[in-house]
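See structure below.
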Amino acid sequence: MEGIPLIDIYGKQWKIDKLIGCGGFGCVYSTQCASNTRQAVIKVESLNNTTMVSEVLVYNNIYDKNRIALWKNYKNIDHLGIPMYYGCGSFKRNTMYYRFILLERLVENTKELLKRVKKPKPLIKNIMKDMLYTLEYIHEHGISHGDIKPENIMVDGRYRSYLIDYGIVSYFIVNGKHVKYYKESKNWHRGTLYYASLDAHNGTCVTRRGDLESLGYCMLKWAGIPLPWKVFGNNGNMVHVAKCDFIKRVHKNKVNIKSANKGIYDYIKCVTKLSYEEKPDYDLLRQLVNSL
C-alpha cells in the first residue's frame, strides 16, 4: 500500500509510507501530512473488522485537548499517556474497502525497550507512574482498556509512556451504572493470554481492577521475573489456573521474592484485593510503585 494518497474526515491529505508492522487486525505504516511536516502512523484494517470502529469511538470519548489539559492541571502532571489523534477515514483499493486511523508516531514499545536496559527499576517506576495516571483518566470515562501488555505501552523520544490500541475496550459504566459481574463463555481469555486478568479469563467485562492486574503482570515482565504460567503455552485454561494459584500464593506470602521486587508483589496483592465494582485508590498504587 506504500505510496497511496488518502484524505481523512477533516479533509487533510496523507500518504502511506513504509510498513512498520502488522498484527491480527491490520497493518501500521508511517505517514506524513501533505499540508505540514507532521509525522504520524496510520493503522489500516479491512472494513470487515470492527476493532478500529471501537478505537475511533474511544478517541472521540477521551481525546479532547482542553479536557486533557484541565485534568493534567488538576493532577499537577505534565504528561498523560494518550497518543495524539489526528483523524480517520476509509478508502477503496482494487475491490477491497479499508478503514484507517491517524495517530502520533512513537518510538518503541516497552517490551523491546526493557530488553536492553541493564537497570530497569527507574524506568519501570516512570512507566508505571505514566500508566496509572493514564488508566485513571480513561477509567473516569467508564472505559477499560482490556489488553494491557508491554507491546501496547510505548515510549516517545523523551521516554514518556503511552497506552495504545483501544480495539477491545469495555464500557463498565452504562447509563451511569456499573455493569454487573456476568460470565460469557464466548469471551473467555479475552485479550493477550499471558497478561489477561482473571476477569478476562472468566469472560466477564473487564473493569478497573482488571486493567490494573494486567499492568502488574507487565511489571513482572519488565523486571525480568518469569511469568509462572508461561510454561503452559497457549492453553488458556491452564494459564488461568496458574494465575489463580499465583495470586493465592502472593496473598499468603508464599512466593519467593527478592526484597528489591517486594513493591511489585505488594502492588499485585493490592489490585487483586479490589472488588469488581470498586474504584481503586490510584494515589496509593502510585505510592507502592514509588517504593520500588
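Quick reminder: no glycine exception, Cβ is built from N, Cα and C everywhere.
What Swiss-Prot lists as active site, proton acceptor is ASP147. Taking a C-beta cut-off of under 8 angstroms and a sequence separation of 6 or more, ASP147 (active site, proton acceptor) has the following same-chain neighbours: ASP165, GLY167, ILE168, GLY191, THR192, TYR195, SER214.
Swiss-Prot lists ILE20, GLY21, CYS22, GLY23, GLY24, PHE25, GLY26, CYS27, VAL28, LYS43 with the feature ATP binding site, giving sequence analysis as the kind of evidence. The Cβ of GLY26 (ATP binding site) has LYS43, VAL44, GLU45, SER46, ASN49, THR51, MET52 as same-chain neighbours under 8 Å, each 6 or more residues away in sequence.
Marked as domain 'Protein kinase' by Swiss-Prot on the basis of sequence analysis: 14-292.
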For the ATP site (ILE20, GLY21, CYS22, GLY23, GLY24, PHE25, GLY26, CYS27, VAL28, LYS43), what does the 8 A shell look like? I mean other same-chain residues with CB within 8 A of the CB centroid. VAL44, GLU45
Long-range Cβ list for CYS22 (ATP binding site), cut-off under 8 Å, min separation 6+ in sequence, same chain only, gives VAL28
